[in-house]
Amino acid sequence: MDFEQLKQDVIAYSKTIGIDKIGFASASPFEELKQRLIQQQQLNYQSGFEESDIEKRTNPQLLLPGAKSIIAIALAYPSKLKNAPLSKRGERRGIFCRASWGQDYHLVLRDRLQKLEAYLIEKLPDIEVKSMVDTGELSDRAVSERAGIGWSGKNCAIITPEFGSYVYLGEIITNVPFPPDQPIEDQCGSCTKCIDVCPTGALIQGGQLDSKKCIAFLTQTKGFLPEEYRDKIGNRIYGCDTCQTVCPKNKGMDFHNHPEMEPDPELVKPLLTPLLTISNRDFKEKYGIMSGSWRGKKPLQRNAILALAHFKEASAIPDLIGVMKDDPRPVLRGTAAWSLGKIGGDGVGEAIEKAMQREKDEEVLHEMNRGLELLAQKKE
């Protein structure tokens, strides 16, 4: 069979179903990646969200025996909001990262991959395929780099010449030996802007990421956020785009190719105070379609509380006192107490002391004491 012609047919078809870029790679083991992952594991840089079995992350044969090649795809997503609402005193807003705008990208990419799989099966009924997006075993970044989608930047994102790093990635492993594409040469050069501005120092020279320091990871955790990172969250509700927005390769990159990815400005820049008491039903109705909702509402509410502290938003004090007193979740009660201490104001100390009298949770009591200490520091 003429696999080069089949490859060209697949490329042509991919354009008709809304795939912005496609590349082909061999399915040989990712030996260099394996060594990097072992090192990351030894340094405790991993987030815990990724596949823990390094062999599965680096050997496609374990996922599809007889694998010969991998088809990598990329879909560009928007980087700019149209009619973005303003955040102002009394109406402070948070922000979701760009990769969570619009419909959950897992669903969008799976739709494209399923259509591509159906096309391949129609052409070759005996073909074997296995597709994955983000949560699969393979490293999307390593596959995309090998397939010539882009190079792996110092911000630990795939950077494409056409769309910058604002792309979602997915892949199909197959037993068809497609001719491979050539990787793209690294074009970061001596630039270190992403490393220099990372709020927590999570990016490390050599294209490494200490995931446990990364704000994108921290905003998704469910417990108390370590105090050393609370001031660095800013108004981020979910994720972080700093290492992408400063990248020179992303200048002017803003693509609105897919209707499913169009963001609702009121959702991706939500008012903070209403988030504190949103019901489960309203949360699912409003935010359930977004990938940023996958961890549930509690981490986002905690981040909203920290964002109000970031703004020193005095108008939110009654709402924060309400959370501190009445919310059934210790993480939110404690975070509200700490944030009240950061904001300050008349009656805040008395409210914290009163709440302490009936508080039983040790971690919450610690946060309440910290809130009082922060208030005392303001008076010094």
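Every residue gets a Cβ built from N, Cα and C, even glycine.
The Cβ of D134 (active site, proton donor) lies under 8 Å from the Cβ of Y105, H106, L109, D140, Y168, L169, G170, each of these being in the same chain and 6 or more residues away along the sequence. What TrEMBL records for D134 is active site, proton donor.
If you take the C-beta of C240 (cob(II)alamin binding site) and look for same-chain residues 6 or more apart in sequence within under 8 angstroms, you find C97, P199, C214, I215, A216, T219. The cob(II)alamin binding site annotation in TrEMBL covers R57, C97, D134, S139, D140, R141, S152, N155, I158, L169, C240, D241.
Spatially close to C188 ([4Fe-4S] cluster 1 binding site) yet at least six residues away along the chain are W151, G153, K154, I159, judged by Cβ distances under 8 angstroms. Residues annotated as [4Fe-4S] cluster 1 binding site in TrEMBL: C188, C191, C194, C247.
According to TrEMBL, the feature [4Fe-4S] cluster 2 binding site maps to C198, C214, C240, C243.
Sequence annotations record features per position, and here TrEMBL assigns tRNA binding site to Q220, K222, N280, R281, R295, K297, K298. The C-beta environment of R295 (tRNA binding site), restricted to residues of the same chain at least 6 apart in sequence and closer than 8 Å, consists of Q220, K222.
For 179-208, the entry in TrEMBL reads domain '4Fe-4S ferredoxin-type'. Within the model, the domain '4Fe-4S ferredoxin-type' (179-208) carries an average pLDDT of 95.
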Next item on the list: Please state whether DSSP places S152 (cob(II)alamin binding site) in a helix, a strand or coil.
Entry: strand
Item checked: Which of R57, K222, K297, the listed binding-site residues, has fewest other Cβ atoms within 10 Å -> K222
Notebook entry, point to check: Nearest to C191 ([4Fe-4S] cluster 1 binding site) by Cα, among I158, C243, N280 (binding-site residues)?
Noted result: C243
Next item on the list: Summarise the domain '4Fe-4S ferredoxin-type' (179-208) by DSSP state, stating how many residues are helix, strand and coil.
Entry: 5 helix, 3 strand, 22 coil
